[in-house]
Every structure is written in structure tokens, then in C-alpha cells.
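Asker: Straight out of TrEMBL:
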type	residues	note
DOMAIN	25-155	domain 'Photolyase/cryptochrome alpha/beta'
BINDING	TYR261, THR274, SER275, GLN276, LEU277, SER278, PHE308, ASP411, ALA412, ASP413	FAD binding site
SITE	TRP342	site 'Electron transfer via tryptophanyl radical'
SITE	TRP398	site 'Electron transfer via tryptophanyl radical'
SITE	TRP421	site 'Electron transfer via tryptophanyl radical'
REGION	552-585	region 'Disordered'
Amino acid sequence: MSNSDHGGKQRILAPAVQAHSLSRPAVVLFGTHDIRIHDNEALLLACHHNHVLPVFLWQVPVHHWGARGALQVVLKEALHQLSLQLSQESINLPLVCGNTADSVSELCKIASEIGASAVYWNREMTPESREMERHRATSLKQLDIAAVACQSALLYDVEKLELDEGFHGGHWGTLMPFKRACEKQLGKPDRPILMKESLACLYSVAPPPQDCKSVPIEELGFETVPPSTKWDEPIRERFPMIHYLAQRRLDHFLIKGLPLYESDRSRADMEYATSQLSVYLRIGIISPRELYWRIEDSSLSPEAKKTFARRLIWRELAYYQLFCFPKMRDRSIRKHYEASEWVTGDEEKGRFNAWKRGLTGYPLVDAGMRELYTTGYLTQSVRMVVASFLVEYLRVDWTKGAEWFHYTLADADSAINSMMWQNAGRSGIDQWNFVLSPENASQDPYGEYTRKWVPELSPLPLQYLQRPWQTFEGDLRMAGIVLGETYPHRIVQDLKGERQKSVESVLAMRRRSQEKNDENGYDLIDLPSGIETVVFTKKEYRIDRLGKVLQGKPKTATSTVKRRKTKRTTKTDGRRKNRLPSSLA
């Protein structure tokens, strides 16, 4: 099948520096997001040089959103595999590792020691990485060393995208308008540079003649796991960081899972209904382009291909939102939602700790939180159940949940994680238009998932498994269950009352922020361009100018926006565009 059958450009990577510089060595810097040798633009561009030094520098995260917890477990395993690949006899490019408090200075030192003419890396597309990359590029150029930043982390360079403000077949920043903008402005994603081509490039280069000191991966300073907990073992067992095993997982999903994805993806008890490839995407064992074109070139139905492509576009959308709102990981995109009321003090601490430990007294929620801590993973549907419970019923600030997920998820991706939690917390671009009841058994209709992760309830009949408090005392005794001892009482008992408090809190906040409501009761947010636009707002939160909840059929949000004096727009085809500021200073 030719590349033109499905579109998508086959990339030919021309040298990024002048020819006379290629005789000098190059450094390729790996990050926590591109641990692979195929479809790695930075590595393959470096291979135009005669000598290449692969480098990984670990700097302990100084902010919440670096690689922490469960992500460090799979990162360490991925680095071991990368080192093995690069050190094999046919390639012989040993990976140089280092731990440092100043990765830019250390990189400059290494590049200078080997006489490098260029340093290559793949951009990580986060606010702190952009700042780091600017500092890195400036420091290297002062040493007359070329700084070459590449894009291998996403299907598209989302910074080049322009979205119309307002409502255009969907609200600003939601999936379908974003997907259409990607297709219209940027076309099909480029095709990946596959393993065979990548290996051919690696076979043609050699390491620099100079020796460079390397720190063993085990001594880089990753978080230590207490031997008594063995917390890392189930994570490593579930997600071996080997490319061909990731491909095998994809094969299995294509054959067994994807045909049933739409009907079964919400089932907590059916693991095959989701691909579970997010960990491999996060670390970079597989690339998004590789995954996209593997699906596109398959014999799946057009509808199945669209279904999977939408999931990849969600990932792109998360990074676009993070680009637009760099503080979204811990600050509300709808800024007036910062005034939302949450439980505080001992009440917050008690509820949050019970949720983290899987001891809320709601079996499906507890099953999910125990699986998360044990394996570093949850399917998207269960993530939504536990997030909805924390925000809507426990009334705990969504940022608490986002931080815990970031620490315990092996696929911890700060863009995707914060987009989900922002929407769960109602302050995101696309606030959830649903509430998931913790008592709903539809996600575990046979009880297998709950019994696996909450085994103390396994003797209960299916009809009581999600509501053990409704079981007769005699039946509980026969099952060896004592509520409050072998399994906790419910952390909150009046779900309807707690939910109503959540709604009233949002309404009170919106009544205090009438300037952020449009005439149809929709929220207004500020775009980076200085323009105000409407965003989707759940029906029960829409109020009129008197603060009354709007009744009747909701009106579609208008595309009319208020313009600020500070607006910065460009004309394109006669329409106003939200022009985002360049990330490169």
C-alpha cells in the first residue's frame, strides 16, 4: 500500500545543520517522553553526524507535574531497555546518564567535552519544558553549539493551530471543532519513521572517541520503593517497557477489543475493551504517529478507525488546552470557578484520605482506587467514576484528585490528567454533562471487578455487592462481614444531599460572577488572544440575569463574543482567529 493511499507525508529528514558541522559529534538528549529509537526525529537527525552521543539527564522534579511516583517506575524500566538497545553490538552507542540539579549546565558541559557541533532533542510540550528549552537553546548558542528542537511527542504541532472562537458545530476547545481544525489546517499526520529505517541510520554512526562518565540508571535518584511494599512490582509486571510487547498489546486490541470498544469501554470488568497503551505513549515506547497509521492502514471498518482516531485527538486536544492555559494543572480555566466552595479542614482530610485508600464504603469507587494504587492504572471509565465521586459527592477540590492521580498513574500525563480533572471539577473547557453514581452497577454487571479489588465483599450476592449497607445483618454475619470493621461504613450516606450542596455551591458562585455569564446562561472565558468566548455549561448551572436557573429547552450558545481592547487577532479568510502567542522567544 502506498503512502498516498491514505495520505500522510513520508518524512525525509535532511540535516538540520551545515554540512561542515556534521564531521563533529552530536548529542541527542532523551526526555521522559521519547524513550525509543524509532520515529524519533531528534535521534535520526543526529545520525547525519559521524558520531552521536545519546544522553539522559535526570533532574529531580521541582514542581508537582514532573515525572513522579508510578511514572518513575516505568521510566526507569524504559531507560534500561533503551540502554540495552543502544548498546547492542550492531549499534554500539552507549547511553550516557547523569543526575544533576542543573540539567542545562550539565548538558553544555558534556557537549563541550566531546566537541559537539549540535544538540538535538524532542520537545515535551509543557510550560516548564518550554522554559527549559529556551534556556537550553540560549546556553548552547553562547557556546556556538547548534540547538535543534524536534517534534515527536504529538501527531501535530498544536502550537500552529488556530481555532475560531465561539460556537461552530461545537463549543470552543471541544473535540469536534478541534478535530476539524487539525484536519483542515494541518492535514493528515506525518507517517512514522519505522524501526527498520531507524536501525539503518543507527548502524551508520559511531560514538564519539572521548569517554564520558555515566551514572548507573539505578543510581540516578529515582524515588525509592520500600521493600516492604513492593509497590513497583505489579506496575512493572503489568507494563513491561518493551516495544514489541506494546505492539503485541495493540494487535490484541485490534482483534478483540476495538470492535467492541464503543459498547464495552465503560465496563470495568473487561480489560480488553480498552487498549491500555497510554503508558507506552506517555513514556514514548510507541509514538502517536506509529499508532495512528497502524490503525489507519489496518483492515478495520471506517467507523472503527474514526473511533480510535478520536481518542488520539483527545490527547492532542489536552496539549492544545495546556498550551492555551499553562496554569490549568492547578488553576481553573474558568477563572471565576476559583471561588467554588469545597469542604475544608478535617472534613476534607478525612474524605480525601478515605478516597485515596479505597475505603469510602462505596465498593466500585474503592475497587478503582485500590487498583490505581496497586497497578498504576485505571481505565478511563473508572477514572471518571472515582473523579466524579470525589468532586460531586465528597465535594473535595478537584486539584487534590489531580495531584494524587499524577503521583499514582503510570501514564501520568499532566496535560491529559488536568483536562480530565478540570472537566470533572466543572472549571474546564468541556465540563462533564453527567454525574456518575457510585452505586451504579452497570460498569461491573457481574461483580467480577469489585470482587477482585474488594475481596472482603466477595461473599455477598450480586444484588447487594454495590450496596452492602442494604444487606440483612444475618447475611452479613454469614459472609463474615462487619460493616465498620471488615469493610468501612459509607464516608457520606446522603448522596442526594451532598450532590445538591455541590450544585448550590456552583450556582452561588455563578450568581456572584454575572459578568462571566452570557445571555443564555453559558460561562464566558478569556482566551490568550484577549477575546472572550462562550464555553459549554451544564443545564442545571445556567442562570438568567436575576440568578434564576433557566427552565425549558436550553438555547444553543451563540458564537458572538465580547472583544477586549487588548485583543490580538489576525484576518484569515475573512474570519477572526484566536492567534496564540509563539512559545519560542
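Going from the start of the chain as shown, residues are counted 1 onward.
Note that Cβ sites are derived from N, Cα and C of the backbone, with glycine treated the same way.
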Asker: Rounded to an integer, what is the Cα-Cα distance in Å between TRP398 (site 'Electron transfer via tryptophanyl radical') and PHE308 (FAD binding site)?
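Answerer: Here the two Cα atoms lie 28 Å apart.
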Asker: Could you state the whole-number distance in Å separating the C-alpha atoms of TRP421 (site 'Electron transfer via tryptophanyl radical') and ALA412 (FAD binding site)?
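Answerer: Computed Cα spacing between TRP421 (site 'Electron transfer via tryptophanyl radical') and ALA412 (FAD binding site) is 13 Å.
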Asker: So, by DSSP, how many helix, strand and coil residues make up the domain 'Photolyase/cryptochrome alpha/beta' (25-155)?
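Answerer: Helix/strand/coil tally for the domain 'Photolyase/cryptochrome alpha/beta' (25-155): 52 helix, 27 strand, 52 coil.
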Asker: What are the sequence-distant neighbours of SER275 (FAD binding site), meaning same chain, six or more residues apart, C-beta distance under 8 angstroms?
Answerer: ARG249, LEU250, PHE253, GLY257, LEU258, PHE308
Asker: Highest Cβ count within 10 Å among the recorded positions PHE308, TRP342, TRP398, TRP421: which residue is it?
Answerer: TRP421
Asker: Which of LEU277, ALA412 has the fewest nearby Cβ atoms, counting only those within 10 Å, among these binding-site residues?
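Answerer: Counting other Cβ atoms within 10 Å of each of the binding-site residues LEU277, ALA412 gives the minimum at LEU277.
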Asker: Cα of LEU277 (FAD binding site) to Cα of TRP342 (site 'Electron transfer via tryptophanyl radical'): how many Å, rounded?
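Answerer: It is 34 Å, counting Cα to Cα.
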Asker: Cα distance, ALA412 (FAD binding site) to TRP342 (site 'Electron transfer via tryptophanyl radical'), nearest Å?
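Answerer: So the Cα of ALA412 (FAD binding site) lies 25 Å away from that of TRP342 (site 'Electron transfer via tryptophanyl radical').
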Asker: Could you pull the average pLDDT for the domain 'Photolyase/cryptochrome alpha/beta' (25-155)?
Answerer: 95
